[in-house]
Structures are given as structure tokens and as C-alpha cells.
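Read through the structure below, which is laid out as C-alpha cells, and then see the notes.
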Amino acid sequence: MFLCVIIPCLCSYLCSLFSWLLGQIPSFLFDKINESWLTSTKRNVEIVKNLMDKISQLPDELLVKVLSFLSTKDAVSTSILSMRWKSLWMWLPKLEYNFRHYSVSEGQGLARFITSSLRVHKAPAIESLSLKFRYGAIGSIKPKDIYLWVSLAVHVSNVRELSLKLFNFAELPTKLPKSLCKCKSIVILKLKDEILVDVPRKVCLPSLKTLFLGRVTYSDANSLHRLLSNCPVLEDLVMERDKIDNLGKLSVIVKSLQRLTLKMSRPCHLDGLKMNSPSLKYLKVIDERLESDSDDESDSDSPRYFYDFEDMPKLEEADFVLTFQNIKKFFGSITSVKRLSLCLGVYTEEVICFHHSIHLIVEQ
């Protein structure tokens, strides 16, 4: 019990100390030590040296725990402090590379560093790998780099959580290795923006529990169905669609699913939604594809606004933002929901009874 209390406190203290120590070291020291700076700040260097000598006496396990509280960039920069620290960061269970507004040369340097860091990573498994690249020079980090990093994370490091966000990254959506669809270790998968979801015929994701698909592109209309059909323990699914992404009718048939969030806005296309998830407890649908009541495609009986919900006996909470009129068909199978939030973008006189609701919010 004593260790359970003292270790988090010690980690918090050392993390604050590291932040201060790293603040004494200029950013260019990550690439090359500047001798003139060392001369002009000899006192600070001595302070850092004395503190590091004391900290370095701690066991590796505790030091790695401390480093895990720092950003990956700061954790890596500690490798220059002494030989004792040179490879400690390679045992980090979580790696996060978040870059924006990078030049061609910076992007190329980042690509080399990330490749080498994944190749020499020593932890038995990567608990979390996050790669986020935004507003960089297109072509500086290539799609083949992303392909390689995901392959290394899957084959070498048994990654458990993978998060990819690629914005303003390449002219075409980035393709991921098919091995990702057969990764037995992955529990959380988040894909966002310029990524191609190309699902092979053989898929096996036995551990995947959380899936986030944000504004991605699908290789064909059945890609999502093949993916979801092979996630036997999936519990949380989030989808955001705001473009032509090659999906037609959306089928969410996952017996284990407990939470579903679906957000759609123009110009994404949908030929209807079919859902059969008897374990569902929370459902959120934001459908903003209509701009006005005068829209040429505002016919609520059109297949593109047809929602086929199977019975959801365990549904406890639902949150809807809708812009089409025929809502009675929409709510036919969820009248047993206990907590409902409803925001309508159109006027309707239809009456719907929710016999089991104990909390109801309606906005228009």
C-alpha cells in the first residue's frame, strides 16, 4: 500500500524536475551540443549534473515510468544527458509523434528518426503509438513511411493502441498494410483524415474494442462491412463522414457493440443505415446532410434517409441531431430508451411515445 502511494508521488515530482532540467537545455542540443552555450552557463550545467547523478541512481523501471509522463520529444532528449540515459527512452510503452507546419528537410529528418526509433524499440509491446502530421510539406514524409511504421508496430512491437491522423499529407489517401487487419494485439484503432481503409477478404481483429474512423476513404462499398464483421469483441464505434468516401448502404451488425456514434454531413452519400446491435447501450446520430426544407433530395422516404434499426433492448441513452422530416420511422425501434436528447432541424407534427423514458430533451 505504501508503494502504491509513494511511487506516483515520486513520479510526479521527478517529472516536474525533468521539465525544469530540460528547460535548461536549448532545443538545438538535441542535434548538437553548442560549446559556447556550455561555457556561458557553467553554473546551470553543474546543477543539472549534480541532480542527474542523484536521479541516475534510481532503478531503470522507475526512470522509464518517469519518462512516460513526458512528451516523447522530451523523453528522447534525455538521451544526451549521460550514457546512463542514452537508451532508457527506448523502453517507453507509449510513443507520440505530433508534428505540424514542418518543412521538407524537417519531414525527411523526422521520417529517418521515427523509422530508427521503431526498429530499436526495446519494450516487449507498444502500449500506444500516435502519429499525427498536419500542414506539413507534402512529400516530405511519404505514404510509404507510414506504411513501414505501421508494419513495424504490428510485427515487431505488438502495438495495442494505434492512432493515425494525416491532414494535408498527400495527394491521395494513404494506404495501410494489410497486416493491420490481422493484428491480434490491437485493442484501440483510430484512423482520421487522408487514410484509405482497404480491408482484405481475410480479417482477424480478435482484441479490437474501440474503433474510430474519422473522414477516411474506403476502397469499396463493402470495406466497412468486412471490417466490422471480423471484430468479435468491438464495443465502441465512432464514425465521422463529410465527403464522398465510397460507402453506399451502411451496415453495422456487431453483436458485442455497446456504443455507436455516427456523424454525417454534406457531401457524404448514404443509401440507408442498417443496424443490428442487441448489446447497444448508447447511440448518437448526427445527420446534417440536408441544408434546407427545399432541398431537392429532402424526401424522407428516399433510401438515403432510411434507417433500419433492429430491436435494441439494452439501449439506455440516445442523442440525435436530425434534419429530415419523417422521424417516426426513425424512432420506431427505440421507444424503450430511458434518456433521449433530440434536436430537429425541421418542423414536424408527428407524435412519438417513449414509454420508458425518464429523461427527455427536445430542441428544434
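Every residue number used here counts from 1 along the chain in the order it is shown.
Glycine is treated like the rest: Cβ placed from N, Cα and C.
The domain 'F-box' feature in Swiss-Prot is assigned to 52-98. The predicted model assigns the domain 'F-box' (52-98) a mean pLDDT of 86.
Taken through DSSP, the repeat 'LRR 1' (158-179) splits into 2 helix, 9 strand, 11 coil. Positions annotated as repeat 'LRR 1' by Swiss-Prot: 158-179.
What Swiss-Prot lists as repeat 'LRR 2' is 185-206. DSSP assignment over the repeat 'LRR 2' (185-206) gives 0 helix, 9 strand, 13 coil.
As annotated by Swiss-Prot, repeat 'LRR 3' applies to 207-228. Away from its own ends, the repeat 'LRR 3' (207-228) comes close to residues 160, 173, 181, 184-201, 234-243, 245-254 of its chain (Cβ-Cβ under 8 Å, at least six residues beyond either end).
Sequence-distant neighbours of the repeat 'LRR 4' (233-254) (same chain, 6+ residues past either end, Cβ-Cβ under 8 Å): 205-221, 223-225, 260-277, 303. Summarising the annotation, Swiss-Prot assigns repeat 'LRR 4' to 233-254.
If you look up Swiss-Prot, you'll see 256-277 marked as repeat 'LRR 5'. Beyond the repeat 'LRR 5' (256-277), the same-chain residues lying 6 or more positions past its ends with a Cβ under 8 Å from any Cβ of the stretch are 231-245, 247-250, 283-289, 291, 303-310, 312.
Swiss-Prot lists 279-300 with the feature repeat 'LRR 6'.
Distant neighbours of the repeat 'LRR 1' (158-179): 124-136, 138-139, 141-143, 146-147, 150-151, 185-198, 200, 207, 216-217; these residues of the same chain sit at least 6 beyond its ends, with a Cβ under 8 Å from one of its Cβ atoms. With a threshold of 8 Å between CB atoms, the same-chain residues lying at least 6 positions outside the repeat 'LRR 2' (185-206) that come near it are 125, 128, 154, 158-170, 172-176, 178, 212-219, 223-224, 226-227, 229-234.
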